[in-house]
Ligand SMILES: Nc1ncnc2c1ncn2[C@@H]1O[C@H](COP(=O)(O)OP(=O)(O)O)[C@@H](O)[C@H]1O
Ligand SMILES: N[C@@H](CCC(=O)OP(=O)(O)O)C(=O)O
């Protein structure tokens, strides 16, 4: 399994808050320099590396002399604005020592949910890689609010892996990998060396964040592995404090937890649909429509019993069964008010009901991804 890492051409490396800021004690410049050195060595072997780095809030808190993480959004955003300067400066210094240029990319969930902005982000990242520049990516904490947040950078790392069609997502953290339970709480927990990214048992083993400065914990890392697997990217969760961790991983050494992607990645457009963290509305389906979706058919208006939310044509909406389970999501061909008017009615009636027909299907199967 691990041999796939040796042949990885494009890697996303995510470094978490605890590592970057040495448990909140300010930016760990020595650690940043070590990762820059290893990334330079990977580039010299012809591999492309994109870095997803946390640490803006923690670094900002230190610069502002705050000892505890504030809970008010505007204070967190102010800290991120201050800290991101330090983060960018530190990476610039570290990479320049190894003759590499780096670039700051700050993303929000909306940048990836909007198809045009998503394609723009993708083309900028690929241009940077062609230029031999290392993108250093973080969430744009200064402008996001709770409802539109990635929140943790594990999720962002997985979305970047999908966006760039990377071969591997390497999540570096303060533990040696995924254990059977949180090792801070259960000293008898053992390391999972290898497994399938979509093995449901891993979520049950993984807990929340280890320190007050980190956000996600192990649960978001396990979910990130599952998400990255949709584009065919394998994930490794390993200790960022292990000497030469990146170089040893790509040399095939069995460090950390290797979570392998399955065999059939989703097509790029379907990944983009699957990666939406917030949806514009919900359609509740009857049994016939549920069955049709499972058989790979398009969704027709006749199978919709209820329409929730306000959305325009082209929005991404959830399809749920009567019990509320998400079955699929897709790009809808009609607005919420139009959909309410044609729900429970056959496609042949759409013209009489609306005065026009955009498409006979409510959601075409090519624009739909099953949950
Ligand atoms: N099953 C598990 N295996 C390993 N670590 C776990 C597990 N469950 C919870 N954790 C916690 O997750 C922490 C790592 O995640 P987090 O604190 O978010 O760090 P980061 O800033 O690197 O994202 C560990 O320090 C550990 O306490
Ligand atoms: N975007 C935030 C990082 C969020 C965060 O802490 O994420 P993680 O390192 O995944 O626990 C920052 O730069 O402070």
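Here, residue 1 is simply the first one shown, and the rest follow in order.
Yeah, the Cβs are placed from backbone N, Cα and C, and that goes for glycine too.
Sequence-distant neighbours of residue 174 (ATP binding site) (same chain, six or more apart, CB under 8 Å from its CB) are 16, 18, 19, 23, 210, 211, 239, 240, 241, listed in sequence order. The ATP binding site annotation in TrEMBL covers 14, 173, 174.
Residues annotated as substrate binding site in TrEMBL: 54, 141, 153. Under the three-state DSSP scheme, residue 54 (substrate binding site) falls in the coil class. In sequence order, 14, 15, 16, 17, 20, 138, 153, 214, 215 are the residues near residue 54 (substrate binding site), counting only same-chain partners six or more apart with C-beta under 8 A.
Across the domain 'PUA' (281-363), the model assigns an average pLDDT of 96. Sequence annotations record features per position, and here TrEMBL assigns domain 'PUA' to 281-363.
Cβ neighbour count for residue 173 (ATP binding site) (all protein chains, 10 Å cutoff from its Cβ): 26. The two recorded residues, residue 173 (ATP binding site) and residue 141 (substrate binding site), show a Cα separation of 20 Å. Around the Cβ of residue 141 (substrate binding site), the same chain contributes 56, 57, 76, 77, 80, 81, 84, each under 8 angstroms and 6 or more positions distant in sequence. Taken residue by residue with DSSP, residue 153 (substrate binding site) is part of a helix. Cβ neighbour count for residue 153 (substrate binding site) (all protein chains, 10 Å cutoff from its Cβ): 27. Summary of the ATP site environment: with the site residues 14, 173, 174 set aside, the chain residues having Cβ atoms within 8 Å of the Cβ mean position are 15, 16, 18, 19, 171, 172, 175, 214, 221, 237, 239, 240.
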